[in-house]
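When I checked TrEMBL for this same protein, it listed these features:
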- 48, 139, 143: divalent metal cation binding site (BINDING)
- 14-147: domain 'DinB-like' (DOMAIN)
């Protein structure tokens with residue numbers, strides 16, 4: 001792995017376990033529940049986090065398919081209770097597959113590839129694929145924090161780090 005992405009790769013590696021831990025003891029009933037009209041439920045967050053992982057794969061040129069979550073979140077689409085989101089068990093299966101794919105993509109990424117201009121620039125304002133990767137890692141952490149908060153709220157258990 002190239003040294004410039006070691007830190008980001010370590011964060012993604014930690015998130016592999018934290019994501020699963022944040023879903024521990026979350027029930028199907030919890031997944032659709034919203035604390036208010038101004039927050040996203042567990043099912044939206046889990047699907048959105050997976051959307052981000054697919055975006056990382058696409059950014060690193062490791063996905064031969066279109067992101068299957070794109071239509072759910074296109075143009076910053078907010079939560080819509082009419083949309084049927086993938087449920088936790090399916091998400092966990094997808095997550096397990098994604099963990100391996102992301103690991104491989106990070107191992108084979110090159111400095112030249114990360115210096116390329118991306119299709120769009122993220123709020124980080126760094127017009128390189130490295131800038132977009134940095135943003136997507138931050139973005140995943142942001143939503144993982146929301147997921148951890150909801151886990152604590154619904155289960156009265158903190159998300160475990162180990």
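The count begins at 1 with the first shown residue.
Placement of Cβ uses the backbone N, Cα and C atoms for every residue, glycine included.
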Look up residue 139 (divalent metal cation binding site) in the DSSP assignment and report helix, strand or coil.
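Once the DSSP labels are grouped into three classes, residue 139 (divalent metal cation binding site) ends up as helix.
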Output, ordered by sequence, the same-chain residues six or more apart from residue 139 (divalent metal cation binding site) with a CB under 8 Å from its CB, or 'none'.
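Within the chain, residue 139 (divalent metal cation binding site) has Cβ neighbours under 8 Å at 52.
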Quick one: average pLDDT across the domain 'DinB-like' (14-147), no decimals.
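That region's mean pLDDT is 95.
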Using DSSP, break the domain 'DinB-like' (14-147) down into helix, strand and coil residues and give each count.
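Counts, helix then strand then coil: 84 helix, 0 strand, 50 coil.
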Within 8 Å of the centroid of the Cβ atoms of 48, 139, 143, which other residues of that chain place their own Cβ, given that this set defines the recorded divalent metal cation site?
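What remains near the Cβ centre is 45, 49, 51, 52, 140, 142, 144.
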Counting across all protein chains present, how many other Cβ atoms fall within 10 Å of the Cβ of residue 48 (divalent metal cation binding site)?
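A count of 20.
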Count the Cβ atoms, other than its own, that fall within 10 Å of the Cβ of residue 143 (divalent metal cation binding site), considering every protein chain shown.
18
